[in-house]
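Annotated phosphate binding site per Swiss-Prot: Arg86, Gly124, Thr125, Arg126, in sequence order, evidence recorded as sequence analysis.
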Amino acid sequence: MRTDNRTAGQLRPVQITTGCLMTAEGSALIKVGNTHVLCAATIEDTVPPFLRNTGKGWVTAEYSMLPRATAKRTPREVTKGRPSGRTHEIQRLIGRSMRSAVDMSSFGERTLIIDCDVIQADGGTRTASITGAFVAMALAFRQLIEYRALKANPIRDYVAATSVGLVGGIPMLDLCYEEDSQADVDMNVVMTGGGKFVEVQATAEHSAFDDAQMAELTELARTGIAQLVRMQKEIIEG
């Protein structure tokens with residue numbers, strides 16, 4: 001039994017609330033256990049210079065954490081003058097994950113920006129951000145269709161993410177902060193609704209792992225992501 005009384009293959013309680021921001025084209029507040037992330041999607045009628053006059057759009061993301069999202073206050077990165085390497089890595093991961101699910105040639109020269117702001121952190125902030133960001137993005141594209149600015153939905157597939165790890169030699173799904181800090185191996189997995197991998201980030205923190213352990217962890221992640229995609233579908237498709 002784990003610190004929060006879950007079984008090894010059990011997700012934390014997940015709740016996704018939409019329409020949290022009346023000013024955003026799409027928004028979702030995702031709660032994965034005690035990790036809470038507010039995701040907001042904005043659509044702008046412009047694209048980066050490398051896409052001008054191509055007829056293609058772009059999807060990108062920004063990620064940040066409130067100072068008291070963590071047990072000890074973390075200073076705002078704006079006071080340091082630039083985002084940290086960790087922040088750059090996470091927001092690029094979110095952007096790549098969203099682009100994997102979208103046909104960039106089907107929504108014109110527009111940019112969809114997803115802001116992911118961590119309100120409370122207890123492990124898995126990047127994976128929660130990806131799962132919530134997809135919902136916000138889907139709602140933003142739906143609004144374009146309702147306003148007749150788009151004829152077809154640019155989304156090709158769903159995308160969601162979760163963490164897995166080896167804690168005390170036991171494969172576990174959806175690690176909280178305490179488990180993550182004790183893990184021998186931790187892994188973040190992003191997959192499509194069709195079961196294809198978008199990204200796998202795996203690190204041996206205290207001991208190396210073999211092919212069989214990696215396969216076991218990715219399959220465990222697959223079961224969790226399938227549950228998350230079902231939740232997304234219930235929200236988006238009603």
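Note: Cβ is positioned from N, Cα and C throughout, glycine not excepted.
Annotation note: Gly124 (phosphate binding site) sits in a coil segment as assigned by DSSP.
Across Arg86, Gly124, Thr125, Arg126, which the record gives as binding phosphate, the greatest C-alpha separation is 13 Å. Of all the binding-site residues listed here (Arg86, Arg126), it is Arg86 whose C-beta has the fewest other C-beta atoms within 10 angstroms. If you take the C-beta of Thr125 (phosphate binding site) and look for same-chain residues 6 or more apart in sequence within under 8 angstroms, you find Thr35, Val37, Met65, Ile90, Val118.
With a 10 A radius on its CB, Gly124 (phosphate binding site) counts 27 other CB atoms from all the protein chains. The record gives Arg86, Gly124, Thr125, Arg126 for phosphate. Within 8 Å of the mean position of their Cβ atoms, the other Cβ atoms in that chain belong to Tyr63, Ile90, Val118, Ala121, Gly123, Thr127, Ala128, Ser129, Asn188.
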